[in-house]
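Engineer: Sharing a structure below in structure tokens format, with a few things to ask.
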């Protein structure tokens, strides 16, 4: 835990008030300011890569490759995407308009929400703190940044170094544990973005409700993985083992458990043993490619889940190093402890099912997961899961990779969360879509809509019924204009061709 010496010296009230003053000055709204801050955030990641990697190693013994690819570079890609599209995102949207509004202009403006709060998570402390921040900056907000108090080294790096790159008044970093977070949540924010556990998510949601503050909750849950006999077992196993044991299993979208038949289970176990050996060598504990549990509490919690379970692979632990070897469980009962909570560690249970329909039934009897993974070559099976289950996202024949696609929103549903982000969705999360109708004093338009005024009459009622049902339908005038132009060109070419042909016939 962080010591009191490392906690933010300013009160939560002062930090939020300072950010509110900065936002009210209007400094975050111009395109140039947003662009400059995004570039500076990128520079922070590029210039401090080795320092960040060391902090991540100190917190989680995270391998350097995982630190760069899944933390630092992940955010850089998010920043680059935002920079590329920022000017376009900031432009007012021009939706289709009804014929009734022919003489009017209608637009949708993306207004910054104001002062927002981003609360990061300890398992990917850089990614899950700074990725939402990209959206907040791009949208023109001020943002109080609250890193997790569990990833102490990485949080301290952000506290010490980010103010050297970002505007201090607009993007303060606030450190602290439960008391400091409690104080922070008493303040009024215009939006709260939280990543973490469902239990804490409920507390955040309740605190936000006191100020009617909207929020995004990126939570977790038990993400199922179904494998059928048509899948490429070797490739499927390699991808599942990688996704499960990356960051020592402490990934919100990690495969939480496997659903398969006994036949598939036997093939999977054989391939899994080979994969674990290839990934981590003969002495897994000494491998630099496997992380550690974040703290003693998490270590004990996951170890307790192993009690009374049948080990197929792994099961070795070392409390002194917070080490749990990659572990696979078999003959797992659906009502056992390991199946009643998100594992969030390097333990992978296998639950046998009869077929795909049985797996769908099993999934639907439980809370909606953050991710669903399906390994199959059968289109019928793919459609079965997509159409008959509900989850935050679906990835077919791979794991984790759906969250790397900029154009795919990432978020949960039900107990796995609310709201989403990544790419354009990050920008949209932190703006208010303000609808604007710009009317003119055009005499024709006023005459056409004059039946709305008193004195009311049967004739005017009929006219208004017609207008509101027939003339209020949205029309894409740009598309109509393009059709007219194409028709006119076609007609022109036809007529022109006719006269040219006639001209040559007369000459002959």
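Cβ atoms are placed via backbone N, Cα and C, with glycine included.
Bear in mind that TrEMBL entries carry predicted annotations, made automatically and left uncurated.
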Engineer: To which of the residue ranges 459-479, 480-500 does TrEMBL assign the term transmembrane segment?
Structural biologist: 480-500
Engineer: Can you tell me how far the Cα of residue 218 (active site) sits from the Cα of residue 252 (active site), in Å?
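Structural biologist: Residue 218 (active site) to residue 252 (active site), Cα-Cα distance: 9 Å.
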Engineer: Looking only at the domain 'Aldehyde dehydrogenase' (9-436), report the model's average pLDDT.
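Structural biologist: Value for the domain 'Aldehyde dehydrogenase' (9-436), mean pLDDT as a whole number: 97.
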Engineer: Relative to the Cβ of residue 252 (active site), which residues of the same chain, six or more apart in sequence, are found under 8 Å away?
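Structural biologist: Same-chain residues close to residue 252 (active site) (Cβ under 8 Å, separated by 6 or more) are 121, 123, 195, 218, 219, 220, 370.
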